[in-house]
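Working notes for the structure below.
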Amino acid sequence: MSATDIPENAPEHCPGPTTEQAGTASACQGCPNQNVCATAPKGPDPDLPFIKERMDSVKHKILILSGKGGVGKSTFTSQLGFALANDENIQVGIMDVDVCGPSIPKIMGLEGEQIHQSLSGWSAVYVQDNLGVMSIGFMLSNPDDAIIWRGPKKNGLIKQFLKDVDWGDLDFMLVDTPPGTSDEHLSIIQYLKESGIDGAVIITTPQEVALQDVRKEIDFCRKVKIPIIGVVENMSGFVCPKCKGESVIFSPTTGGAKKMAEDVKIPFLGSIPLDPRIGKACDTGVSFLDEYSDSPACKAYLDIITEIKSSLTTQGNF
Amino acid sequence: MADTIATNLSGIKHIILVLSGKGGVGKSSIAMQLALCLVQGGNKVGILDIDLTGPSIPRMLGLDGKQVHQASSGWVPVFADENQNLCCMSIGFLLQNKDDSVVWRGPKKNAMIKQFLTDVCWGELNYLIIDTPPGTSDEHISIAEYLKDVNPDGAVIVTTPQAVALADVRKELNFCNKVKLPILGVIENMSGFVCPHCEECTNLFSSGGGEAMAQEFGVEFLGRVPIDPSLTLMVERLDDTTLENGLIKNYIESNLYKAFNKISDKVIAKVT
């Protein structure tokens, strides 16, 4: 109900589109949005208190974001999940809100699993005792089915993931998102506003075409007031397995993520090299960090994860 | 309204969509390469970028910072070459600051897409290539709906070879079948990287998955495009004003053109 909710083309004395008078006040006469406002549900979202109640048992909520697709958001989310859950006293949940292109089930080796329903709600699918996952991928009768949904249906599902899933007590909830700055992003932030989001980890690749979209995502985080934990540069550099010669696949002609992070004054968390084994581990649904624990990419991952943990500590709420 | 879309697009002979369920597989770079090949073949080509929250086409064509002009007949698209054979339209041309985020829910995105179809004076074009965001949601449903009456020629589906990407792209194929959009074929992008030091070819994102998927769905496999860092460099160096008008020339001289021209020929054969 902030001033920003008022559309640009509204009359001067607009009562606000979510108020009781919306669409019926005298100022609304002749406004192009009158009909929409008069019929839209009024007042605060009645589901928000339920979401808050569920989320009270979740200590840290972290969003994994990027303006650009295919940069490794889901890969990073899953590896972060695996790494955090290595400590069996830490409870981790992963929520995949990429409704049209869910990758988390495959990457975590849970393809074909189904969600179970109990009295306390939907139960997440567990990789191990302390690592639960929720994704629309578990709800499709055929994995190839297209989810042809417009915004409102996607928002409805995201709300259900927060409200109806029996997450239990969690130390970390990692939210994997689709690329962009649209319905899914606005909704998850709106629904979690009251419970609080620790921050967003932003993933990018080094080339300017990707950075361009990522700068938009950073602008988005600032607009909606989500703290940024830092930026991770993925797929930066490739070491040939045969000759060990290094090549640049996606050239950082504008200085890459590090320079961008400096420019917009957010922490740079580190770079992860392109290792074909990461993709292979994702395709087969195993933890890359466990399978190839001596690789440079694994070290890079672990360093970044340490950075993220310590950033949460310095915020004083770890 | 559908009438105005049909009237406004009546000068366009062929409409081709570039789709993928997965992000970052190279939809925009494929759209651009297809356009460049078509222009080189003597066609007038337009590119419409309907990725509203992450537009890449302006950057790809070296047109960052260009503005759309308003004429009495509507918005004039931005031309990428001196001979005015390649024009394009993207939300990137409408932003005050290129780092501004476009934080829009579905209805606003749909309205913008409709405006691109009704208010841009595309004029006479042999081909209009439509670049899309990943997914099967608002933008895709809307463009399919709006174009229904003008019978688009079909969609080129772009994927990378690894299973995680293919899983999303299979959804896109099913989307096309559901909305009855013909599938022109599948292109496998980023398929293999030849080490410049030792010539060893590494399949960074596995290999062959695109072809297998095309076979399974009974659609044509249009070809493989290897990872070539020179394309990124070519695109990124367009900032250099001396090269700005040389994009087509640079591309034609590159190795990529030889490989991609075969793919583009297959696409042309499909639509004519």
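Placement of Cβ uses the backbone N, Cα and C atoms for every residue, glycine included.
As given in TrEMBL:
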type    : residues                                                               : note
BINDING : A:Cys14, A:Cys28, A:Cys31, A:Cys37                                     : [4Fe-4S] cluster 1 binding site
BINDING : A:Gly67, A:Lys68, A:Gly69, A:Gly70, A:Val71, A:Gly72, A:Lys73, A:Ser74 : ATP binding site
BINDING : A:Cys240, A:Cys243                                                     : [4Fe-4S] cluster 2 binding site
REGION  : A:1-25                                                                 : region 'Disordered'
Distant-in-sequence Cβ neighbours of A:Cys240 ([4Fe-4S] cluster 2 binding site), under 8 Å, six or more positions away: A:Glu246, A:Ser247
Near chain B - the binding-site residues A:Cys37, A:Gly69, A:Cys240, filtered by Cβ distance under 8 Å: A:Gly69, A:Cys240
Integer Cα-Cα distance in angstrom, A:Gly69 (ATP binding site) to A:Cys243 ([4Fe-4S] cluster 2 binding site): 31
Residues of the region 'Disordered' (A:1-25) by DSSP state, where helix covers H, G and I: 3 helix, 0 strand, 22 coil
Additional residues surrounding [4Fe-4S] cluster 1, by Cβ distance to the A:Cys14, A:Cys28, A:Cys31, A:Cys37 centre under 8 Å: A:Ala10, A:Pro11, A:Pro15, A:Pro17, A:Ala22, A:Gly23, A:Ala25, A:Ala27, A:Asn33, A:Gln34
Cα-Cα distance linking A:Cys31 ([4Fe-4S] cluster 1 binding site) and A:Gly67 (ATP binding site), given in Å to the nearest integer: 34
Shortest C-alpha distance to A:Gly72 (ATP binding site) - which of the binding-site residues A:Cys14, A:Cys28, A:Cys243: A:Cys243
Other C-beta atoms that fall within 10 angstroms of the C-beta of A:Cys28 ([4Fe-4S] cluster 1 binding site): 21
Most crowded position, judged by CB atoms within 10 A, among A:Cys14, A:Cys31, A:Cys37, A:Val71, A:Cys243 as binding-site residues: A:Val71
Euclidean distance between Cα atoms of A:Ser74 (ATP binding site) and A:Cys37 ([4Fe-4S] cluster 1 binding site), Å: 37
A:Cys243 ([4Fe-4S] cluster 2 binding site) and A:Cys28 ([4Fe-4S] cluster 1 binding site), distance between Cα atoms, whole Å: 71
Euclidean distance between Cα atoms of A:Cys243 ([4Fe-4S] cluster 2 binding site) and A:Ser74 (ATP binding site), Å: 30
